[in-house]
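Pulled from TrEMBL:
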- 25-114: repeat 'Solcar' (REPEAT)
- 148-234: repeat 'Solcar' (REPEAT)
C-alpha cells in the first residue's frame, strides 16, 4: 500500500503536467501504481513464500526431514540454488498478483456500490446506522456511521477476496508448484509445471485448495482494508483539524 500510494501521488501530477486529461492521468497513475505495488511486494514476499511453501510441503518436522526450520531451509536453498533459488516463481508471482490486484480492487468498488444501493434507502428511512450532520440554516445531511461503513467495507473486501481467489487460483497453483517441485536436473518451466498438473488431475488440479485460499484471502483482505480505510479516515480528520 505504501508503494501504491507513493507511486500514484507521483505519477498522477506528472501525467497532468504533460497535458493528459484528468481521467486519463488517473487511469495511468492507477495502472503504474498497481504494477509498482505488485513488484515491491513480491521482492520482499517471494523469498518468504518459497521458504514457507517448502516447509509446508515436507509436513511435520522429524529427524529425517530435509529442512529443520526456516533458517535451515533458507541456508540449504541458497547453498543449492543460490539467491536465484529464493526467487523461484518470481515472474509467475507478478503474473498472479497483478491480475489479482486488478480483480480485487474492481470487485471491492463494485461490491460497495451494490451493497450501498441495496441498504442505503433502508438506513435512511429507519435511521439505522446513520448519523445526522447539521449544515446550518436548518439544513442537515444523513451519512453512514463509522461502524456501518466498516461493516460494508469488510463485507465488500470478503467478496473481493473470493472473486480474486477464484480468478487467479490456477496461476497461484502453478507458481506454488514451481517453488516446491524438484527439477531432477531439468529446468523448471511454466510449461513443464502445467503439463504435470494436467497429467495429475486435469483442469481441476489447478483449483486444489480453492476453499482454504478463498477463506484466507477474504479474512486477510477484510482485516487489511478495514484497518487501512480506518487509518485514512483518521488521517483526513487530523488534516482537517490542522487546517482549522
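Here the Cβ of each residue, glycine as well, is placed from N, Cα and C on the backbone.
With DSSP classes pooled into helix, strand and coil, the tally for the repeat 'Solcar' (25-114) is 75 helix, 0 strand, 15 coil. Secondary structure of the repeat 'Solcar' (148-234) per DSSP, as helix, strand and coil residue counts: 76 helix, 0 strand, 11 coil.
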